[in-house]
Amino acid sequence: MAEILRAENIKKVIRGYEILKGISLSVKKGEFVSIIGASGSGKSTLLYILGLLDAPTEGKVFLEGKEVDYTNEKELSLLRNRKLGFVFQFHYLIPELTALENVIVPMLKMGKPKKEAKERGEYLLSELGLGDKLSRKPYELSGGEQQRVAIARALANEPILLFADEPTGNLDSANTKRVMDIFLKINEGGTSIVMVTHERELAELTHRTLEMKDGKVVGEITRV
């Protein structure tokens, strides 16, 4: 499989403390990679750098073979909106908007006609079992439903790579299974995924797991 993402010697220093200590890794097209580790191991910091939400102190990141310029905010914004999707532990839905409107926002931001954006939003929410709740606002949805809206929003612009930071952290076991089933289906469709989790049983569902400790990758398990 072709390489979609590569990181070389990533370091991150915050207030004199070295959070990441020279991490190198790659993600292939269609691969589902999990990153596990204790709290404070640096896994979320690494995910944010790979997802272009934060810049490394040192090191390079390549997306589809092209080096990312972290000093060019315009380019970063375009890459994030056109090629990447994000799902977080907290969904960050806009409370004043309906489920459908929340999903449409990133498409309109990229210039998609409103009719097309609405049709895709309806399709995504229906695929995620929310076809009857398009007009509900976040407070009218359960935690699991809110997270599914967030996943639909992350998929709105058909990303090549999806990043997930503890996406099931606030969910019960039934909703955790549902979200993971959705991720596996998305991955089977060809979207690469990088997921941070502290739950080893979830990591075991992925193609490859990287284990972090004290800002370093200390172990790797490949299942395929």
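Each residue, glycine too, has its Cβ placed from N, Cα and C.
According to Swiss-Prot, the domain 'ABC transporter' annotation covers 5-224.
All protein chains shown were included, and the count of other CB atoms within 10 Å of the CB of Ser44 (ATP binding site) stands at 20. If you look up Swiss-Prot, you'll see Gly37, Ala38, Ser39, Gly40, Ser41, Gly42, Lys43, Ser44 marked as ATP binding site, on the strength of sequence analysis.
Remark: of the binding-site residues Ser39, Ser41, the most isolated position is Ser39 (fewest other Cβ atoms within 10 Å of its Cβ). Non-local neighbourhood of Lys43 (ATP binding site): Ile35, Ile36, Gly37, Val196, Met212, each in the same chain, at least six residues away, with C-beta under 8 Å from its C-beta. The least crowded of the binding-site residues Gly37, Gly40, Gly42, judged by other CB atoms within 10 A of its own CB, is Gly40.
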